[in-house]
Structure formats: C-alpha cells, structure tokens
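Trainee: One structure coming up, written as structure tokens, with questions to follow.
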Amino acid sequence: MQAYFDQLDRVRYEGPKSTNPLAFRHYNPDELVLGKRMEDHLRFAACYWHTFCWNGADMFGVGSFDRPWQQPGEALELAKRKADVAFEFFHKLNVPYYCFHDVDVSPEGASLKEYLNNFAQMVDYLGEKQQQSGVKLLWGTANCFTNPRYGAGAATNPDPEVFSWAATQVVTAMNATHKLGGENYVLWGGREGYETLLNTDLRQEREQIGRFMQMVVEHKHKIGFRGTLLIEPKPQEPTKHQYDYDVATVYGFLKQFGLEKEIKVNIEANHATLAGHSFHHEIASAIALGIFGSVDANRGDPQLGWDTDQFPISVEENALVMYEIIKAGGFTTGGLNFDAKVRRQSTDKYDLFYGHIGAMDTMALALKVAARMIEDGELDKRVAKRYAGWNSELGQQILKGQLSLAEIAKYAEQHSLAPSHQSGHQELLENLVNHYLFDK
C-alpha cells in the first residue's frame, strides 16, 4: 500500500536548535523527568474525529480538505483506507495512543443491524492495525449526538426507544474498547441538556441519565473491563445548557446517583473556557474531588463563544496544569489526547503534523517547567505555611468534628480571639512562576 504521508519517515527529536518543522524540538520520549520517561508522563494520543473525519466544513462553507477516504465509494473500504492512513499518521507522529468514537472508524449504516455488522468488522481491522504498529487505544466512546435521532438527547431523550438505541451504541463501543485493550471509556453528553425549559422535565431527564450511567457501570463490571469510565464536562454547544456543565457539576451528579467511586472526568481545556473557568481550575478541582482521570489537550479562543478546538501552544497555561497533575501522582490510565483540529485554511496534509508537533513540544516544555516547580518546592512551602494554623490543636479539633459551632464560638470568646489578615502574596507567587518559566 502506498504511503499517504510519503514525504516523511518519522517525526524524531532533534533538539531546541533544530529548524526542521517536522521534528520535535522539546519532546524527547526517552528523556527522564523526575525519574520517569517523558513519554510515560505525557501519554500522548491523537484523536480520530478531528484528524481524519472532519472535511473542513463549517457553518458557512463546504469541506475544504482533499482526503481520499472522504470521496464517493464503498463505505467499509473507505473506512479501512482511513484506518490505514490514521495508523500511518500515529506511527510517524510517534504517539503511543489514539482515541475514537464508534462512527469515526465505522460507517453507521442505514439500520442498527448494519451498524453492528460494520463496527464489528472495523474493530477487527483496528486490532490488526494496533498489532502491526504498536499504537494502543487510550479510550473509545460512542457518538450519541450527531444522528438526528439524538436531537433531544440520548439518555435524556423523551423517547425510551432513542434511549435504547443509545444504550446499544454504548454497549457495543464499550465492548469494542475492551476488546482493543482500551484503557478508558468516555461518555460525553453533547445533547444531554435542553434548549428551552418550556418542554423539559428536569427531574425526569436527570433520573434517566442517572440510571443510564448506573447501567454503564454495571456493564463495565459484567464484561470485566478494567479501564476507567470518564465523563467529559461541557457547559453548552451543541445544546444550550448541558447537564455535565463542569467538574463540580459532574461531581454533584455522581454523588446523587452513588457513582463518585466509579466514574472520573476527562477534562478538555476549551470546555473549561466555555464554562467560564481556567483549565487550571478544572484540573485542580477534579484532583481535589478525587475524580481526575484524563485530559483533552487543546485551547479555545476567549473572544469566541464556541468550541474552536485549537492546538495548545501556551506553555504558561499548561505548566500549571502539568504541575497539578504531576504533584497528584500523574496519569494512571489517562493521558493527553489532542482533541484539536487544523484550521479550515490549513489544507496541506502535513499541517496535521505541524499542529500535533507544536502541541507535543508545548506539553513537553510545560512538563519540564512543572518539574522545576516541584523540585524547588517553594510554591508548596508557601501554601503549607498559609494553612499552617489548621495543624494547631484548634484547627485539628474543628476538622475532626470534636467541636460544635457553639463550642467554637465559646472558644473564640474565652480566648479573646483577634486574628489579623495575613498577605496572600499573589504578586510574589506570580513572579515566582515566571521565574520557573523563563529563567533557565
């Protein structure tokens, strides 16, 4: 089979002085950072959908890309051609993982029977490609939002037959993920929300999606899948308001249905932007709540109100993200999946490499900065000092529930407490972060 990316052998590390646009300047997979290989810290993945399914179309224009597998032809043969190119790309980019939705890799067909048959064939084909290339599956998922049947949601749909179709897709995609050795399974509810409350029963829809997630957990254990289940928060788009708004909202949902020990979150940077949060905030919140799982690494445009899915290029932003992740022990089953796409005007096929190479170098630099922050330990020391009072006898009695509200009030009165405010030193800490970023 003729190579699609025939002008490139493989992207390799050439160092910071390299001027080769098809080489890594900072991402060196075997470089040790805090005693661990860079590749093992970052666990990079490339996504199937933006990279091989999008044709460059937008709300105002038709597709601008010339992709051989997007031409008229027999659907399964085109899907196999797409898989051939995808795995050529994964191998040449030197990413250890990839991610997919069911209908990214397989034609949906005109019926449920066709869907199941097509997907079964493509799962076998993907298994062959994984074995040949050594590329592994970070996570799989089901697309329960694109087809018109999901206009009013999947698990939250007012029609139980639509709910049942979605259940079939999720069961099938979970089984496929398990068969392919996937390390996680993701659930993103793009249509799980509402456009108007005038025709929406919030309590009913919440009960539906809660039961759906409980059944997903039950199925995971039934088939012996050892990976992590992940919900991906997003506040809106395509739905006006989505039920998985942000990390805190997802945690509240999980607690309501007794799922907080079973499901974690896959956090996307651009979704944090849309929710009015920083990427750093969402990562830190997930870690604090004990539900951090994986990351969709990209960036949004703060001047635009939609999901632009651009490649991450900010070392400043991502250094703080990597600092939180590494400090918390790093990824287990999760990783950094590039849920990002080239721009509509980027029609050269090698633009796919330029986008990913820049993103991988960005995250490598961010990791190195995070390592300097951790090794120095100054930020941790200052935070510990700020909360040191809670290690006192009074602080520990409060936290351990040994004092009631009235008893604390009595203590304050008896000891004539008159605490004064201590500086938070925000500006000093911001300067310290800049030191790690820019002073070598």
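Including glycine, each Cβ sits where the backbone N, Cα and C put it.
Pasting the feature list from Swiss-Prot:
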- His101: active site (ACT_SITE)
- Asp104: active site (ACT_SITE)
- Glu232, Glu268, Asp296, Asp339: Mg(2+) 1 binding site (BINDING)
- Glu268, His271, Asp307, Asp309: Mg(2+) 2 binding site (BINDING)
Trainee: Please work out which residue of Asp309, Asp339 has the most C-beta neighbours within 10 angstroms of its C-beta, and give that one of the binding-site residues.
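Mentor: By the 10 Å Cβ neighbour count, Asp339 comes out on top.
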Trainee: Could you state the CA-to-CA distance between Glu268 (Mg(2+) 1 binding site) and Asp309 (Mg(2+) 2 binding site) to the nearest Å?
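Mentor: Cα-Cα distance, Glu268 (Mg(2+) 1 binding site) to Asp309 (Mg(2+) 2 binding site): 9 Å.
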Trainee: Name the residues of the same chain, 6+ apart in sequence, whose Cβ is under 8 Å from the Cβ of Asp296 (Mg(2+) 1 binding site)?
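Mentor: Counting only residues 6 or more apart in sequence, the Cβ neighbours of Asp296 (Mg(2+) 1 binding site) under 8 Å are Glu232, Asn266, Ile267, Glu268, Ala269, Asn270, His271, Asn337, Phe338, Asp339.
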Trainee: Taking the recorded Mg(2+) 2 site as Glu268, His271, Asp307, Asp309, identify the other residues of that chain whose CB atom sits within 8 Å of the mean position of the site's CB atoms, giving them in sequence order.
Mentor: Lys234, Ala269, Asn270, Thr273, Leu274, Asp296, Asn298, Gly300, Thr308, Asp339
Trainee: Counting every protein chain present, what is the number of Cβ atoms, excluding its own, within 10 Å of the Cβ of His101 (active site)?
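Mentor: By my count, 22.
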Trainee: Using CB atoms and a 10 A radius, I'd like the single residue among the binding-site residues Glu232, Glu268, Asp307 with the highest neighbour count.
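Mentor: Max Cβ neighbours within 10 Å, all protein chains included: Glu268.
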Trainee: How many neighbouring Cβ atoms, not counting its own, are there within 10 Å of the Cβ of His271 (Mg(2+) 2 binding site)?
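Mentor: The answer is 29 other Cβ atoms.
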Trainee: What residues, ordered by sequence, lie under 8 A Cβ-to-Cβ from Asp104 (active site) and sit at least six positions away in the same chain?
Mentor: Tyr48, Trp49, Phe52, Cys53, Asn143
